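K.L.:
Reproduced below are the annotations present in TrEMBL:
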type	residues	note
BINDING	Arg97, Arg107, Arg135, Asp221	substrate binding site
BINDING	Asp221, Asp245, Asp249	Mg(2+) binding site
DOMAIN	4-346	domain 'Isopropylmalate dehydrogenase-like'
SITE	Tyr142	site 'Important for catalysis'
SITE	Lys189	site 'Important for catalysis'
Amino acid sequence: MSLKIALLPGDGIGPEVLAQAVKCLEAVEETFNQHFIFKEAPVGAIAIDKKGKPLPDATLKLCKESDAVLFGAIGDPKYDNDPEAKVRPEQGLLQLRKELGLFANIRPILSHPTLLDKSPLKKKVVNGTDFVIYRELTGGIYFGEKKLNEEGTKASDLCEYTEEEISRIAHLAFKAAKGRKKKLTLIDKANVLESSRLWRKVVAKIGESYPEITLDFMFVDNAAMQIILNPKQFDVILTENMFGDIISDEGSVIGGSIGLLASASVGEENALFEPIHGSYPQAKGKDIANPIASILSAAMLLEHFGLMEEAWAVKKAVDKSLKKGIVTPDLKANSQYGTNQVGDFIAHNIVDIEDDFLMNGENIDLGKSTII
Ligand SMILES: NC(=O)C1=CN([C@@H]2O[C@H](COP(=O)(O)OP(=O)(O)OC[C@H]3O[C@@H](n4cnc5c(N)ncnc54)[C@H](O)[C@@H]3O)[C@@H](O)[C@H]2O)C=CC1
Ligand SMILES: CC(C)CC(=O)C(=O)O
Ligand SMILES: [Mg+2]
């Protein structure tokens with residue numbers, strides 16, 4: 001298979017972690033005889049500096065012409081610390097999601113057996129956690145009308161949803177639940193927000209056509225507590241844009257580091273893969289950022305195109321780095337391994353699935369994920 005992949009490194013640690021994902025895809029090319037055509041383009045703060053806007057036209061064009069986008073991260077303190085800034089790196093990512101129609105952001109949250117002591121939560125609480133968040137990505141408060149009065153003393157952001165926007169992601173989430181533990185939890189704030197009441201109504205109606213799925217509802221404030229008290233109760237979580245953003249960072253505490261969590265953003269025609277973390281500017285250029293979230297995002301890209309053996313090989317190599325302790329300092333204080341070394345180790349361990357089977361006699365189950 002030949003795939004055109006747009007690489008958008010972005011800002012901060014984005015370029016460093018994305019480079020490790022590319023190394024792994026190059027190892028997949030060599031090992032499995034696949035062909036990837038990589039083309040790179042600026043986005044975020046670097047694009048504002050170079051081209052005057054966070055999503056230059058040529059970057060958007062490249063993404064539209066590619067089979068998939070592999071994204072690093074965007075964001076820079078010079079904008080975060082300037083409330084008056086007229087243009088912001090984050091607008092580039094939001095515009096890209098909208099333009100590509102990426103309405104569903106899929107964020108798997110898993111505990112890893114060798115990392116149970118990395119979570120501040122009790123081992124018995126996190127052990128066996130395996131849920132996935134379906135976060136609506138192109139609607140809600142991040143995209144609603146923004147207002148600031150002339151005096152600069154009153155501001156508002158509108159949260160709007162249509163039945164259609166809710167329904168298309170709800171169907172994806174119900175279908176995902178069918179292949180999992182058959183439970184779907186809608187997280188909302190329907191006791192207060194009109195938009196959440198529409199979510200409940202639409203999702204309950206759609207649930208009638210998925211009778212095998214147990215549907216329940218949870219208010220987001222309670223959910224924020226339940227995710228760290230009893231994460232194993234969840235299977236598929238469906239939620240709106242901002243709630244999904246917040247609870248997924250919270251969920252990363254279960255796995256031991258946000259530097260492990262990958263995501264896929266999908267729509268009717270396009271797909272983008274990115275870590276859930278941001279540009280972690282404090283770590284830029286220090287070779288300490290965990291590249292695994294980016295590498296596992298590349299594995300999700302492979303899965304998206306049905307390259308299951310290839311994705312499995314990447315995840316297996318990630319597993320090996322975790323088991324052997326070849327990890328960045330977020331997972332092992334004073335670790336001697338940096339972003340690049342971890343990336344090299346994982347890339348070198350992407351081996352042909354048949355060889356691995358013969359060497360280790362392992363019972364390989366391609367349908368079962370290790371980290372993602
Ligand atoms: N998708 C994106 O590109 C996103 C961009 N951002 C932007 O990123 C910038 C920084 O935002 P923050 O709130 O500090 O979030 P962040 O996710 O960049 O960092 C928060 C904390 O998470 C940890 N962390 C993040 N990535 C890591 C990695 N790969 N390895 C190890 N530890 C890691 C670090 O402890 C860091 O202090 C802002 O400008 C923000 O707007 C934030 C979230 C998502
Ligand atoms: C920076 C935001 C636009 C995005 C974000 O925090 C996320 O998608 O997790
Ligand atoms: Mg976020």
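Note: Cβ is positioned from N, Cα and C throughout, glycine not excepted.
Quick caveat, the model's predicted, so the values are computed rather than measured.
Could you place these features in context, so I can see how deep they sit and what lies close by?
P.N.:
DSSP classifies Asp221 (substrate binding site) as helix under the three-state reduction. For Asp221 (substrate binding site), the count of additional Cβ atoms within 10 Å of its Cβ stands at 12 [all protein chains shown].
For Asp249 (Mg(2+) binding site), applying a Cβ distance below 8 Å and a minimum sequence separation of six or more within one chain yields Ile258, Ile276.
Within the model, the domain 'Isopropylmalate dehydrogenase-like' (4-346) shows a mean pLDDT value of 97, rounded to a whole number.
Around Tyr142 (site 'Important for catalysis'), the same-chain residues at least 6 positions away in sequence with a Cβ under 8 Å from its Cβ are Leu94, Asn241, Met242, Asp245. Mapped onto three states, the DSSP output places Tyr142 (site 'Important for catalysis') in helix.
The secondary structure of Lys189 (site 'Important for catalysis'), as reduced to three states from DSSP, is coil rather than helix or strand.
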K.L.:
Taking just the CA atoms, what is the gap between Arg135 (substrate binding site) and Lys189 (site 'Important for catalysis') in Å?
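P.N.:
Counting only the Cα atoms, the answer is 15 Å.
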K.L.:
Are any of the binding-site residues Arg97, Arg135, Asp249 near ligand 2, with a Cβ under 6 Å from it, and if so which?
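P.N.:
Passing the 6 Å Cβ check against ligand 2: none.
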K.L.:
Far apart in sequence but close in space: which same-chain residues, 6 or more away, have a Cβ under 8 Å from Arg97 (substrate binding site)?
P.N.:
Leu137, Thr138, Ser265, Leu272
K.L.:
Do any of the recorded positions Arg107, Arg135, Tyr142, Lys189, Asp245 touch ligand 3, in the sense that the CB is under 6 Å from one of its atoms?
P.N.:
Asp245
